[in-house]
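According to TrEMBL, the protein carries these features:
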type     : residues                                                                           : note
ACT_SITE : Tyr237                                                                             : active site, proton acceptor
BINDING  : Gly94, Ala95, Ser96, Arg97, Asn172, Tyr237, Ser238, Ala239, Ala240, Lys241, Ile270 : NADP(+) binding site
DOMAIN   : 88-268                                                                             : domain 'Ketoreductase'
Amino acid sequence: MAASTWAAASSMVACGSAQRLQQGCAALPHQRMPMMSSVASVGFPLAQQLHLKSVEARREICWVPRAQSAAIESAAAVAESPKLVDAPVSIVTGASRGIGKAIALALGGAGGKVLVNYARSAKEAEEVAQQIEEMGGSALVVGGDMSKQEDVDALFKAAMDTWGTIDILVNNAGITKDTLLMRMKKEQWQDVIDLNLTGVFLCTQAATKVMMKKRKGRIINISSVVGVTGNVGQANYSAAKAGVIGFTKSVAREYAGRNITVNAVAPGFIASDMTAKLNKEIEAAILKTIPLGKYGQPEDVAGLVKFLATDPAAAYITGQTFNIDGGMVM
């Protein structure tokens with residue numbers, strides 16, 4: 001057992017009064033033996049050594065059977081575990097506004113450590129980080145284009161240098177360059193594919209290198225319902241988001257043996273700066289396609305992402321795509 005774990009266990013069993021310790025050991029089947037020198041005692045498993053003073057002030061060792069030592073070790077692990085369980089390290093790409101911002105706030109608001117990534121909106125990203133810290137979480141702001149290998153490498157290095165691990169990755173960064181296929185330039189196609197799909201690949205590859213070693217991790221990829229249905233004027237975006245769904249399933253199969261879950265969330269029409277600018281006629285036409293008759297909110301998406309990322313009940317869910325669309329796609 002690590003020294004820090006032994007220290008936690010010792011604080012539970014060796015820091016009370018000598019009388020309480022003797023009474024506790026007396027309740028266990030054990031054999032009392034003379035205390036060895038500190039050098040000689042190192043050879044024994046530390047979890048099986050309980051030091052106490054006898055009534056004659058003579059130092060002795062209380063040898064605890066394996067079952068009891070396992071209980072002590074388990075209790076020490078519980079005392080130590082909240083650091084990881086209560087404060088997981090999350091990377092959220094494209095987290096300066098919209099859905100990404102809501103996700104970062106949801107994870108940070110639960111006391112987590114969140115790397116807030118942005119491409120251009122530095123001021124907004126700093127504001128998100130400040131909100132996270134005001135809610136009791138920790139935040140790190142890192143700019144970068146997730147379609148570029150060097151930026152991805154720098155981002156993950158920053159997370160590892162700051163917190164030493166990565167527990168959760170949310171691939172949210174994305175762009176749109178909508179136009180009819182007959183008018184679409186190759187650059188418009190490639191830019192969307194590079195960030196919305198290749199960026200997911202680069203970040204996932206970097207995250208799994210860390211998660212594989214610890215045999216634990218959760219990855220959530222933000223796709224879109226148009227990756228399922230397609231949409232006029234969005235051939236590039238639809239192709240990228242459909243690719244994210246296929247990528248999610250493949251990676252989920254590949255890393256299931258390492259206890260890494262990978263899921264996708266596919267939002268429909270979510271309230272944003274863009275939807276706020278739509279005229280009444282277009283908005284009415286959109287809402288007719290949604291059985292619930294309203295836009296979703298960024299917090300609706302964030303709630304599901306938080307569940308998939310942190311809830312123990314999500315540990316058996318992997319390779320799935322969850323639509324959050326008010327019933328638009330059934």
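Note: Cβ is positioned from N, Cα and C throughout, glycine not excepted.
Features as recorded by TrEMBL, highlighted on the structure.
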residue : record                       : DSSP (3 states)
Gly94   : NADP(+) binding site         : coil
Asn172  : NADP(+) binding site         : coil
Tyr237  : active site, proton acceptor : helix
Ile270  : NADP(+) binding site         : strand
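Looking at Gly94 (NADP(+) binding site) and Tyr237 (active site, proton acceptor), their Cα atoms lie 16 Å from each other. The sparsest Cβ neighbourhood within 10 Å, among the listed binding-site residues (Ala240, Ile270), is found at Ile270. A separation of roughly 14 Å, to the nearest angstrom, links the Cα atoms of Tyr237 (active site, proton acceptor) and Asn172 (NADP(+) binding site).
Here the binding-site residues are Ser96, Asn172, and the one whose Cβ sees the fewest other Cβ atoms within 10 Å is Ser96. There are 20 other CB atoms within 10 A of the CB of Ser238 (NADP(+) binding site), with all protein chains counted. Cβ neighbour count for Gly94 (NADP(+) binding site) (all protein chains, 10 Å cutoff from its Cβ): 27. Max Cα-Cα distance over the annotated NADP(+) binders (Gly94, Ala95, Ser96, Arg97, Asn172, Tyr237, Ser238, Ala239, Ala240, Lys241, Ile270) is 25 Å.
Counting Cβ atoms from all protein chains shown, Tyr237 (active site, proton acceptor) has 23 others lying within 10 Å of its own Cβ.
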